[in-house]
Each structure stands twice: as C-alpha cells, then as structure tokens.
Ligand code: NAP
C-alpha cells in the first residue's frame, strides 16, 4: 500500500496570478499554464519560501493524499478539491513527523504578509479568471489622468473600456495587464497585477468600464507602458482575480481601511460603491491613508469632496513636516480604533506596501492591549469571520 503524503497546492479561486510564488520557488516546483498556477509534487521540498510572499494566502493549501494530484489535474481545476476521506491505516501512517516539521516551518512562514483569508459572509460571489494568458480580453483606453502633482511620483488613473465583452468585477478584485513584447528568453511577458479602483457598475455608472491606479516605477516595464498609453490604445487584460478582499453587502458593516500610495485603489472602489448604493444609515467607513506628501497622495482632490458622514479620513504624510506613518496615526487614534477592533461589525482592509503590515500589526497589538485583549486572538477570529483582509506586495 502507498503511504499517504502531504501535498502542497494552490487555491485557484483565491490566487490572483501574480506569479510571485513561481519567481520565488528556489527549486522550480511552481509553474503555470494559461489558466492556473500549480505545484509539482515531485519537486516541492516544503521549503516554505513561497508562503510569506503570496499576497493572498492562496498558496497555503495542503492535502493528505495517497496519490498526489498531477499537474494536469491541477491545471484543470476551478476550485480546490476537498480533503479526501482516507482509510484509518492510511491516515495513521507516518504523517506525524512530517507534520511537526511542517508546522514549525509554516509558523515561521506565516509571519509574512497576506495570510489565509475568507471573504465577508455577505459579499457577492466574484467571477474569476474569465480571461487568461491564452485568451485575454482586449480593452480600450478611454482615459489616462495624472493623480499626483509630483514629477518624481507619477500616479495615473487609467480607464479601460471592455466594449461588449462581459467582464464583471467586484470592488477589491484585481486584473492582469499583459505588456506587449517578449522577455529575455523570447517568451511573452507575464501579466502584471493591478487592483481595480472603480466599483462594480463601472467607473461611469452603467458603462462596461473599470479604472486602475498605476504608479510609474523607474524602469518598470508595465507601469511605464500603461502610464504612457494614449486614449484609444488597446490593452490585453486577464482576470478578474481575487475572491476574498471583497466588500460586505451589509450596510451596517463598519469598514476600517488602511492603505499606502496606490494601495488606495480598492478603498476608492469600496467608497464609491457605498456612495452609489447607500440611501440610509450605515456602519461607516474610516480610512488611514499614507503618502509621502499631499502632492503625491493619489485622489487628494476627489477625496476632499467625499462627505465626512460617509468616510472619515486620516491622511498621513511621511515627508511633509513631521514624519508620520499610518501605524503612528492608528496609535494616535487609539480610542476610536480600539472601539472598532472590539466591534463584531468591523471589517479591516490593509492594502499597499508590504512593510506597512508589520507596523500596523504592532499598532493593533498595542491598541488591543489597551482594552485588555490579545491582538493575535482577535485577528484570528476576524479572519475566520471573513472580516480581516490584507493585500500587500
Ligand atoms: P509609496 O509612495 O512608496 O509609499 C506610500 C507611503 O507609505 C509613503 O509615505 C511611505 O513613506 C510609506 N511607507 C513606507 N514604508 C512604510 C512602512 N513600513 N509602514 C508604513 N508606511 C510606510 O507607495 P507606492 O509607491 O504608491 O506603493 C504602494 C505599494 O502598494 C506598492 O508596493 C504596490 O505594489 C502596492 N500595491 C498593492 C496592491 C495590492 O496588494 N492589491 C494594490 C496597489 C498597490 P516613506 O517612503 O517616506 O518612508
């Protein structure tokens, strides 16, 4: 009889196809086709290097199997299979030692960003991976506007029109953009991921369009391509991706949104969705938004027009006057944040720079202690409830 083995898998529903795991794996055990990103059971050595780099936690899936799932099987999946029922003998055979070693490695790896998340219980069901590398959607650029007034920090609001193509997106989802041309090995470039910054009914209500918030990166292939595109140009789009960083439908849900720079994209989508649909009292939204300066904060102008009753804003600057990060402001607003942390209606969203996550976790630890709570325990409950969402790269 074959011994059961623990197999490392990727959840195709949650994976946003950023390929970071594939680029990180030191033994080349992760690969992709046009559809999915998969793990080769023959080469994966459980080093866990891919776990902390995954922005969504979709990489953190394990099944105990007698016969590992083949690459072909994994490529065909739209969702992960459930854990199979194993016979008693199979389940008991030789897994304990492996489990101890893996638990230790995983505990270390989980200190990274992302983490396994669940969608809010009342979120709408997202469409995923409708357009892939082999069959991307073609969109037309219908707008490309500067969002910052800082030549060193060019961030753009780019509007894509999907014409007659069905392309349903929910707030919080991402799309891939395939830059034209080939890489050094002559292969087509992989798509680059961007969070959608418009709500589900379109950048303009009723139009089949969406917007992205793109920062020009020095030497960045896709960001320069996108930021330079004129109106009328066509782009190849994959997606939509992401099944957990979603908005609860419940109007009473309280949203605590923490972001830096272009990580504000999904927060804009959430705000616009609520602005367009709420016609009565709501749980409210509180945003902590960090940027270098006022001039480099995306959407500074439009944000000033959002009513305070809809969105409480804490705009925080690191290079204007005294240096301040979002986590510093969370501490400065300790009482308000503590009240939100303790409220079972609160949903937390964190998006932006990878480095911010650690600082925010530290601030939450301090704030939780101020009300006699343990942040890690609170966070685990929130995650399990679909109320804690992190997307940092
Ligand atoms: P940025 O301008 O470089 O930074 C924004 C602000 O964050 C600055 O004030 C910066 O301060 C501050 N900051 C730097 N390190 C920090 C830390 N450890 N804790 C708290 N704040 C910190 O931001 P950006 O260039 O727009 O980059 C945004 C990032 O978000 C990118 O890495 C992008 O890939 C990511 N992003 C992720 C998603 C997603 O996951 N869905 C979506 C959009 C963007 P100083 O520079 O002055 O130190």
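In case you wondered, yes, glycine gets a Cβ from its N, Cα and C as well.
According to TrEMBL, the protein carries these features:
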DOMAIN    6-35  domain '4Fe-4S ferredoxin-type'
DOMAIN    37-64  domain '4Fe-4S ferredoxin-type'
DOMAIN    134-247  domain 'FAD-binding FR-type'
BINDING   195, 215, 262, 318, 319, 323, 352, 353, 391  NADP(+) binding site
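Location within the structure of each feature annotated in TrEMBL.
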| residue | record | DSSP (3 states) |
| --- | --- | --- |
| 195 | NADP(+) binding site | strand |
| 262 | NADP(+) binding site | helix |
| 319 | NADP(+) binding site | coil |
| 352 | NADP(+) binding site | strand |
| 391 | NADP(+) binding site | strand |
Same-chain residues at least 6 apart in sequence whose Cβ lies under 8 Å from residue 262 (NADP(+) binding site): 155, 195, 213, 214, 215, 298, 352
Segment confidence, the domain '4Fe-4S ferredoxin-type' (6-35), expressed as mean pLDDT: 92
Extent of the NADP(+) binding site in Å [max Cα distance among 195, 215, 262, 318, 319, 323, 352, 353, 391]: 27
Surrounding CB atoms that lie within 10 Å of the CB of residue 352 (NADP(+) binding site), all protein chains: 27
Residue counts (helix, strand, coil, in that order) that DSSP gives for the domain '4Fe-4S ferredoxin-type' (6-35): 5 helix, 7 strand, 18 coil
CB within-chain contacts under 8 A for residue 319 (NADP(+) binding site), separation at least 6: 292, 293
CB contacts for residue 195 (NADP(+) binding site) [other CB atoms within 10 A, all chains]: 27
Secondary structure content, the domain '4Fe-4S ferredoxin-type' (37-64) (per DSSP, counts of residues): 0 helix, 7 strand, 21 coil
Other CB atoms, at most 10 A from the CB of residue 391 (NADP(+) binding site): 27
